[in-house]
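Annotation comment: TrEMBL describes B:5-120 as domain 'Thiamine pyrophosphate enzyme N-terminal TPP-binding'. For B:195-332, the entry in TrEMBL reads domain 'Thiamine pyrophosphate enzyme central'. The domain 'Thiamine pyrophosphate enzyme TPP-binding' annotation in TrEMBL covers B:397-544.
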Amino acid sequence: MNALNIQKGASSHSAYDLRDPNAQVEERHTLAVLVENEPGVLARVIGLFSGRGYNIDSLTVAEVDHTGHQSRITMVTSGTPAVIEQIKAQLGRIVPVHEVHDLTVEGASVERELGLFKVCGQGDKRVEALRIAEIFRANVVDSTLESFVFELVGTPSKLDAFAELMRPLGLKELARTGVAALARGI
Amino acid sequence: MSRTMTGARMVVEALRDQGVDTVFGYPGGAVLPIYDELFQQNDITHVLVRHEQGAVHMAEGYARSTGKPGVVLVTSGPGATNAVTGLTDALMDSIPIIVLSGQVPTFLIGTDGFQEADTVGITRPCTKHNWLVKDTAKLSETIHKAFHVATSGRPGPVLVDIPKDVQFAEDEYRGLKQIEPARYQPVRKGDVTAITQLAELIEKAERPILYTGGGVINSGPGASQLLRELADATNIPVTSTLMGLGAYPASGRNWIGMLGMHGLYEANLAMHDCDLMINIGARFDDRITGRVADFSPGSIKAHIDIDPSSINKVIHVDLAITGDVGHVLEDLLKIWKSRGRKTNSAAIGKWWEKIEGWKSKNCLAYKNSDTIIKPQYALQRLQALTAGHDRYITTEVGQHQMWAAQFLHFDDPNRWMTSGGLGTMGYGLPASVGVQMAHRDSLVINVAGEASWLMNMQEMGTAVQFRLPVKQFILNNERLGMVRQWQQLLHGERYSQSWSDSLPDFVKLAEAFGCKGAQVQDPKDLDDAIRQMIEYDGPFILDVLVEKHENCFPMIPSGKPHNEMLLGDASTEGAIQGAGAALV
């Protein structure tokens, strides 16, 4: 290989080439997939993941351009570098998929998720829940004498941490939107 | 000129605009309006099949032998579900197919109506793309899009599901010139820097090999020509996958035979020992690589493929070129020539000596017999007696398929139709019908095993109805030969369910269908029987009774690398062990 002085994967213009292609360590990647907003497109994406045995850690989808019929799917997936590359290539091959961006390798990006947490309790636990919510800058969006619903926006790990703290304080239910992400800068 | 018409008429109009001359199909309630339109025109021939699976395989045979897309018309529900095997087959082998299916009217969708099925849902994973058309205004554009998607980039099957009320409603027809250019435009040209690097590699390589696949054939006859030019100019040996046979001629100077599980010894050893592997339109299928960890350990691997997802899927390659084989080969040749047409000819000469050494093993050798027809012998005689003909071969799936690939020789692309990726028993007979529809005066032979052949034998009726003189060359060992072989190698010779009992009398069956049949079991009579089959003016079934327990060699047992091939005379005891036993 080196004797002939060819750079690994010199033609693919992919950051993948900077990593060990045979690494067995699983990586977590956030992908932004821009798709034609047509019936069945989400089923195609999900079917690809189930059919080929890939992981979906989180997935969000909504129309982002009504006149251009374009939706944006943000998905968090995990796998070895080779599997991540396959996932991107397989997504790119779906006919109504216009663009696939790997936000994890394409430079800095911001990731946010919204969670709603229902915490039930009385007395000290209720006060403590409210105090921690303030620390996390969570909003109270519903309150009864025995419960709160907190709204928290942040990275998935921030939501995880909040849920962990709320569990002993009476966390009854939670709903999370999954990650939405954008690349930083222009 | 206003071109307002019903959806049903739009279908026929769009097919005509796309240059379709043949449709394979079967009518039913949900496609009656389209059949009514077909009845009132003469440009498009409709081939009435006996089962919708047959229709798709016929369309595949038509497509692969012509390079044009194949078109299928089926009804809703069972019509569409019967097409699923054919769609999956076409997806695996990258064959452009357009299936038009009827659907219950839009207002009945979701009510479990009679002959309703979620056709787009069922066929989503087995098509390149599919559409449910709910509005007649979008129908003509969708059909044109369907042709574009099926034939662009890596070809594949598509399906358009058309509810019956959409067929009846009227709207404006939009022709090819009135539709917006499709957004789906796969890259065709390869990256010039990468192609230049490949030219550099070719200049220095000491033990290069061209590993070619179905992508060369899909890219068109021009790509096959360029491959021949490249191989002949550089003196690099050429091997091919099952799907790529004929792209480089079997009579060509650089041909070293098919590779893979039942490929030639010299081809597999050359793959294992090469220092530069140039994969042109193949996909490192598990039937090719054997044990991935030991696949061609010392080589630099370059891969030319139009589908980016084929690259680095199974084998990590050192140089990836995404693009159409024909375009890339053209650029490669140009660049290599402009750099002075250099190769390391001395080293390549030595490489050829090594390959000749492997060739002298004569890996296809078998013990012939005076009393029993050996399947290999039958195919050798078929090759000898048909070589001069304008010949197309289709096959079913199993031992006979591998022997056909080993013993029949193809000098041109589009002459060999076989189910490679999916391995669909029952493919060959309908495929032969589809090929013959496209090439009425050519010799079309389906090399079959008796078990595979029975799976779609109803299509003999289609062959007789349309006076298609397809030749059914059945190597009858009264066994599911490949299953039997694996049971021998892997399951202690316990032959569970792998024999064909209560077989029909194929000669009487031929007569019942209204065609001709013959049976042959003495090697001395074989040539005459083959001649009779070729010369008969009509469909013919030749039942060749062959040795029942012949195994197909050479063979790379599953889970083994290329250099641990089994030859015919070797011991097969414990051939498949450990992790290999779990593989298929």
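Backbone N, Cα and C atoms are what each Cβ position is placed from, and that goes for glycine too.
A TrEMBL annotation is a machine prediction, not a hand-curated record.
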Please work out the helix, strand and coil residue numbers for the domain 'Thiamine pyrophosphate enzyme TPP-binding' (B:397-544) from the DSSP assignment. 66 helix, 27 strand, 55 coil
Just give the helix, strand and coil counts over the domain 'Thiamine pyrophosphate enzyme central' (B:195-332), going by DSSP. 59 helix, 27 strand, 52 coil
Can you break down the domain 'Thiamine pyrophosphate enzyme N-terminal TPP-binding' (B:5-120) into helix, strand and coil residue counts using DSSP? 56 helix, 22 strand, 38 coil
